[in-house]
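Working notes, structure below.
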Amino acid sequence: MTFMQQLQEAGERFRCINGLLWVVFGLGVLKCTTLSLRFLALIFDLFLLPAVNFDKYGAKTGKYCAITGASDGIGKEFARQMAKRGFNLVLISRTQSKLEALQKELEDQHHVVVKILAIDIAEDKESNYESIKELCAQLPITVLVNNVGQSHSIPVPFLETEEKELRNIITINNTATLLITQIIAPKIVETVKAENKKSGTRGLILTMGSFGGLIPTPLLATYSGSKSFLQGWSNSLAGELSKDAIDVELIISYLVTSSMSKIRRSSLMIPNPQQFVKSTLRSVGRRCGSQERYATMTPYWAHAVYQFVITETFGVYSKIVNSINYSFHKSIRIRALKKAARQVKKE
């Protein structure tokens, strides 16, 4: 091979390497650009865009919002803030006395109509769903909030999970949510169709998701799976109902002070129900921390930033995140078992 041929061959190799470097550079620029755009969208959604106007969902026009799990925590706060926006309410929960007290509070303060239904969804009886159907039959419903949910009493290995607890979680989080939506969503479609000719009213279905569904959660395996299921179901429903002018959103939350989380004091990362619901209702239709997900929102700012960081670094399905999650819930389990042992000794 002559010297000139060697130079030509080296030039060809250099062009290949140079081309490869340009491809890598281009991919890097694309990644940085999309990351920057998602971060800007996060900031706009959380802090800069104005609050959503619920007039488009029929606020102050006699329309109804149905809420499950409405007697405590997040559900109770949804009822208060939707009543404040001028919606009549259908409140579905387990405890009659709590529902009656909330009914009186909201009717006195906001002068709205509040209908209540006390049923135990964990029983999964056909009569429960018939009662819901009868109550909602003649009501112009435009909003449904699927809030009812159940978790484990304490973190527990899947192989040690009691069958009753497992069945309750699936029944409440999945079966009941789907069946209630099948009952109420047609009413929303009907109401929106009638109103669209006059005012362009839209419908809205909100379903409570969880970080437990976003990130696989060892020691809460059944709960984690049930919430992950809701992600796929809610996104699919959003695609089906978009043609009917109904917005369907999954709401992702980290910890919130409530009886289910067993956390009493709020903090930077853990809002109270009032703070969480306020951030949710002001951001309906915006992704906030769920920039990579369709028809999904993580509305509370600290939760949103936390999700953004995990998603853009390790990834929600990575081994390291799974391991950290396992260690976190293992420590909670150990503390809970020690507390239970101390209580037994006192007795």
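Start at 1 and count along the chain as shown; that gives each residue its number.
Keep in mind that glycine also has a Cβ here, set from the backbone N, Cα and C atoms.
If you look up Swiss-Prot, you'll see 20-40 marked as transmembrane segment. Non-local neighbours of the transmembrane segment (20-40) in the same chain are 291-292, 308, 312; each lies 6+ residues outside the stretch with a CB under 8 Å from one of its CB atoms.
Among the features that Swiss-Prot reports, NADP(+) binding site is placed at ASP120, ASN147, TYR223, LYS227, VAL256, SER258, with the record citing similarity to another entry. With a cut-off of 8 Å between CB atoms and residues at least 6 apart in sequence, the same chain places ILE67, THR68, GLY69, ALA70, ILE74, GLY75, PHE78, MET208 near ASN147 (NADP(+) binding site), listed in sequence order.
Annotation comment: Swiss-Prot describes TYR223 as active site, proton donor. Listed in sequence order, GLN150, SER151, HIS152, ILE169, ASN173, SER210, GLY212, THR217 are the same-chain residues at least 6 apart in sequence whose CB falls under 8 Å from the CB of TYR223 (NADP(+) binding site).
Among the features that Swiss-Prot reports, active site, lowers pKa of active site Tyr is placed at LYS227. Proximity of LYS227 (NADP(+) binding site) to non-local residues of its own chain (separation of 6 or more, Cβ distance below 8 Å) is seen for ASN173, GLY209, SER210, GLY212, GLY213, LEU214, given in sequence order.
SER258 (NADP(+) binding site) falls within a strand when secondary structure is assigned with DSSP. ASP120 (NADP(+) binding site): 12 other CB atoms within 10 A of its CB, across all protein chains.
For the recorded site, ASP120 (NADP(+) binding site), the DSSP three-state label reads coil.
Largest CA to CA distance in the NADP(+) binding set (ASP120, ASN147, TYR223, LYS227, VAL256, SER258): 23 Å, whole number.
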